[in-house]
């Protein structure tokens, strides 16, 4: 973090990165040069409004990371310079002049803090127009006339940044005008939505400059993506300065500039000035609509043959950059709601846009056709409601998960006294949820529905199970067992809490507690039994033999099984020959043909059960065996997908989007990290976090004995590396650490890789415990605590490490000035410095300290917008109280002070 004036950039770079400032009630703001603009190019912050095409040169491939770092550096350079001005103001002896200058600086600072990137809603669309031409072109007079209605003859060499409201097709836009002081550069080309080329009709050089600027712009960006307007100014034409560029030459140039529109203007009395900017705004809006129509069908319907054209009035003009700036664009929502139809009229398209917010609705069903992604059931005897559901299965909007399987199933009621079978509209989604509604209408209206999280469930078919194991064979070891399903079942059972399970695997409806093979299977405290794993293979189900009813152990969970007593027997399914009066199952001694009878009866219904680890059961029944098979397989696939998603969740959060190997390699490549910090053994793979250094495995064992207050040891390959720890390791390294801890060797020799452990331990303890070789502090009359504050402000990492190594707990917790209360941790949090914040906490700075206004370091981190610093502080117990308190600025201006700006101010301790 650089607090040098200008953020280490040239004035031209600062100008090109600056955006329009905010603050002030004027309809437009004139901020020449843009030195106090908001962070990021433009109000939306964020690069080109259209994707660059046509194979741009290599220099255009500027990474987002580099651009972001440059913008942060520019942004953070403003406040230190402003506060340096405040310090200089204090030296002015004339108090009246001092107060006047201070008020002006405060106004500038407030305009910077309240720029549109911090205040303007992302829903406000923007148009970014660049004005280019040489100093004699008259472009500054053109812009000034448009903004103020007056004529100013002077040309602005540095250009300017301006804002004005403009209305296009009945919609208001924030027009950002960038008067470029020189030729178009890469950043300018990436920023603009449109370009106005300006030349003077009485100046040949300005005329020739236009085409040179055009060629330069084309080297950075495809000219077909940028609307252009050519303007010839008449302001300087007089008897002494006659017209040099005739109309034919000007129109020939407009043809060379991709046939752009040509205007002649006069800023003296306003000829065509308003028309130029209105026309360029119209061109930008029209281009965006054209791109929306081109992108929309491809985005939602990659295989659609054709779409009818949509009039411009039917689609609201929306800034295409909103997708980048605000997270989503209105158009992306619009395009995702276009249905999968070969041809769509304008009227239907408007209906779809209106109905997209409530998914699905009866309006959406009017223009639907039968979906071809679900299999037809022409051979099945389905009732009318089921056929209607099948015809309208694609009536699913973008607001809900798309089902991978859906249809009408019978579900048994969970009420103990009246367990009836009722029709339900059941959907299985790819997010691991099984939902059911009383009807298709309720599903489409998203009401009266219930859902089952399949993560901790299994699916079973009553009367069918895995082949029974013999007493000498462990359950589940049959060669025909499905290993994948067994593994899933074990994972589910292992993840349960509060419910004991046995090691053996049996069927939920056929427990055998008296058998030696199932001796471990008995009801738990909540009536739970160990369940067998689900196997979707039909031959495994068919091989299972039903047990006699006298040997069946009834389930005692919340929902009774089908083998329970006669008085609790639920009524048979309506699908079973549609007989509502089927007789009760016999619970007496079975006949010799009992098993076959049970199998025949099981074939009459096509039921399957979803069972959770908590003992809940949901009974469903399909119309055919094939349909049940498909449902069971689909549910099992989603159970497996849910489990796999849980297993990979940790991997996704370890390094965010970074690859572990790349992150570790980045730590290894830091200067000095190729050798152990203590014995110089090659390729160290252990780390000390607070030292920011790598070491060999033998030295790491010695460091562990030092204690975590001296060295926090972690494996480079075996442990997790969150971003904040990686930031510390990559910022420091062995070379920096040894420049501090071995800064005063005075002839001592380090032990080598072949030295014995005792010798290495003596060296390490002398180095870190006794601090015998610690580099001396620089000679200064400033106390150590104040030097620490200075090191944080100046972003001096080596000095910070040295001061922390020398300092006591009282010294590192010293505050800045009397009555201020800010510690070094407050300052590092306000500066969003993750490395300094983490090191200060490790070396004993109090995370609970508060400044004079009652603010904790967490409040400073949140005001600075640093989620990384906030996470570190919360992890170490920093309280969040006080983050909403308004700080009291140190300076005491009369009016207009912005409290939030004070948190960005680094203390003036130099």
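Quick reminder: no glycine exception, Cβ is built from N, Cα and C everywhere.
According to Swiss-Prot, the features are:
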type     : residues : note
COMPBIAS : 10-19    : compositional bias 'Low complexity'
COMPBIAS : 470-480  : compositional bias 'Polar residues'
COMPBIAS : 531-541  : compositional bias 'Polar residues'
COMPBIAS : 558-567  : compositional bias 'Low complexity'
COMPBIAS : 576-585  : compositional bias 'Basic residues'
DOMAIN   : 122-296  : domain 'GLD'
DOMAIN   : 402-640  : domain 'PH'
MOD_RES  : 359      : phosphothreonine
MOD_RES  : 361      : phosphothreonine
REGION   : 1-26     : region 'Disordered'
REGION   : 119-410  : region 'Small GTPase-like'
REGION   : 462-603  : region 'Disordered'
REGION   : 888-910  : region 'Disordered'
REPEAT   : 820-849  : repeat 'ANK 2'
ZN_FING  : 676-699  : zinc finger
Same-chain residues near the repeat 'ANK 2' (820-849), Cβ under 8 Å, at least 6 residues beyond its ends: 1, 76, 689-690, 712, 723-725, 727-728, 731-732, 788-789, 791-793, 795, 797, 800-801, 804, 807, 809, 812-814, 855-858, 860-861, 863-866, 868-869, 872-873, 876-879, 890, 903-907
Within the predicted model, mean pLDDT of the domain 'PH' (402-640): 60
Residue distribution over DSSP helix, strand and coil in the repeat 'ANK 2' (820-849): 16 helix, 0 strand, 14 coil
Secondary structure content, the zinc finger (676-699) (per DSSP, counts of residues): 3 helix, 7 strand, 14 coil
